[in-house]
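Everything below concerns the one structure shown next.
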Amino acid sequence: MPISLNPSHSNTQTFKVAAVQAEPVWLDLQGGVEKTIRIINEAAAEGAKIIGFPEVFIPGYPWTPWANNFVDAQVVLKKYQANSMPLHSPEMDRIREAVKEADVNIVLGFSERDGSSLYIAQVTITSDGKIANHRRKIKPTHYEKTIFGDGSAQSIYNVVQTPYGRLGSLNCWEHIQPWLKTHFYSQYPQIFVGGWWPAFPPHTGGSPYIVSGEASSRMSQLVSMEGGLFGIVCCHVVSEAGARKMRMLGFPWFTFPGGGFSVIYGPDGAALTDPVDPGKEVVLYANISLDKIDDVKLVADIMGNYSRFDLFHTTVVNGKNWKPVAYGDPDEQAASKAQQAEIDNAGKGSIVPSKL
């Protein structure tokens, strides 16, 4: 289907975007709302039109169950639950009003409380103060599953129109979910906010490289290059006092203060901001214009000139299909099933029954 974007990739208007690197007000809903509003006003005063916040900035990212057994973590997690924010709440209304008064657009990461359950959520709030998009991380990562539920199917719709372009959102390791990303790119985002946890230098305390700040930043950089869009990468800072409150002290993967790796990427993957101290609270700014997207997509547009949808495409099946691959041609599908059956049965005739 032909696509007409407004504003288009020929638009040379320059505007400012902002990436937040800040320490949450740990386990404090009201304090977190106050700090979020302060940052919105600060960034608006600097001329930012789009502001990105980290993953679950309210009330902070809970590394706690990674660093403790569940019994020891529970006292923190109870407070975490109590200070998570419902979507429809006076606290969210205050943030929406602040966005409207500041005349900005934001993507905010927060721990959403729905009844007694928690979800890793993002809202895109446009300059009229309306929630243009609400989504939940589709699959919590590793120990996150002990706290947070899965996002619902509507969470794959994560791109909205703003006066400054089509604005998308991803949370943490959603950046390495291939099928989610394909659906994301199919919505033609021009700018996205990557909301991230606090992450630390590679191999700190024997940690796997994939959980490092460097790896996390590269995941967002790949989305910018792959999709040909601007990336606003936002993450936490953790002080020693914050680590003590969240029971993170003593776990070998962490160094305090630290956790930050915020950056803004261009659609070619180039960093538009200078590296910053991982332990420093800062709001990063970059002036961007959408015409730079065409410079990249002239070479490789994965939703256009650099695609083969006649060979590979993603089918959204509303949770009814568990298979990672399906063939449109019935003969190919039958051949695939026969091949899988052969694999499943391989070696069965050579198994020697036990004599025990």
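Backbone N, Cα and C atoms are what each Cβ position is placed from, and that goes for glycine too.
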In Swiss-Prot, of the candidate ranges 123-148, 305-330, 331-356, the one given as region 'Disordered' runs 331-356
How far is it from LYS137 (active site) to CYS172 (active site, nucleophile), counting Cα to Cα, in Å?
9
If you count the other CB atoms within 10 A of the CB of LYS137 (active site), including all protein chains displayed, you should get 27
Please report the number of other Cβ atoms within 10 Å of the Cβ of GLU55 (active site, proton acceptor).
27
Looking only at C-alpha atoms, tell me how far CYS172 (active site, nucleophile) is from GLU55 (active site, proton acceptor), rounded to the nearest Å.
7
